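A short worksheet on the structure shown next.
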Amino acid sequence: MSRSLVFFFLFLVLVVPCLSHGTGGDHDDDEASHVKSSDLKSKSLISVKIACLVIIFVLTFISGVSPYFLKWSQGFLVLGTQFAGGVFLATALMHFLSDADETFRGLLTAEGESEPSPAYPFAYMLACAGFMLTMLADSVIAHIYSKTQNDLELQGEDKSNQRSATTETSIGDSILLIVALCFHSVFEGIAIGISETKSDAWRALWTITLHKIFAAIAMGIALLRMIPDRPLFSSITYSFAFAISSPIGVAIGIVIDATTQGSIADWIFALSMSLACGVFVYVSVNHLLAKGYRPNKKVHVDEPRYKFLAVLFGVVVIAIVMIWDT
């Protein structure tokens, strides 16, 4: 077996125990408290969210600057990105969308009735809205970048160097991905900030952090190729910006929970989780699965069958985790 595959599965062995701790460790506490509002505002829950804020920042920042000091396996990044995409997709559909739909049904069901009225799929509609809003943000960023490139050409940019033009295109894609992921990360962080229980917060933490670790490593490698003059300064700057985006979202989510009560908190939770579902689906499908990580040299695992197995493994992991969530 290639070294990249060994490294990849070793990483998974280290991550899965963290998943078990996050999902099962606080389950008894969740069942002991039947009053959602008190758990939502409890000091222990807020402490967990603050811990998540710090953890996601530190791990993302370290991952972002790591390519400057370490030489990551190309195969590991190819499979890791696909695995993260499977985790993101399964989390959005099996966890976020399910919880949002259940909350909407509870809010819209009158006392003494068994079915909501009206029986409109609000969670699914808002998930579509989150997907489209994220796509719109990507389109705006792409338009701004393409306009900048056209302006440079009109100012007399040398068109004879085709290799340089190809390089600039790949650089533009990398910058677009970085900016878009920073935008997405704010909303991903909100998913942690508005978590109803400590186990939900830990679960959202490991899911988002797993994705951000691979994204940060890939971002760091792209920056080393793009800006060779000051690679360390660039890595630190961009890694800090990317790492701080999710904690900002966590802080926003904590403020939302701390300033709302009763059904208002439930409405905000349902709305935010529905929109976050759309964001997660877009990021997983468009950025992680469709584009993925493009190695600068041929690697053995950069083939459809290996990518499919990595995505399948990510989905299966979430499917197993959801056994303890139901």
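Heads up, the Cβ atoms here are built off N, Cα and C, so glycines get one too.
Note that the structure is predicted; figures quoted are calculated from it, not measured.
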Same side of the membrane, R105 and N286, by Swiss-Prot annotation: no
Segment-level pLDDT (mean, integer) for the topological domain 'Extracellular' (21-49): 55
Contact call for the transmembrane segment (50-70) against the transmembrane segment (236-256), three or more Cβ pairs under 8 Å: yes
Same-chain residue ranges lying at least 6 outside the transmembrane segment (122-142) that approach it to Cβ under 8 Å: 92, 97, 100-101, 103-104, 108, 176, 179-180, 183-184, 187, 270-271, 273-279, 281-283, 286
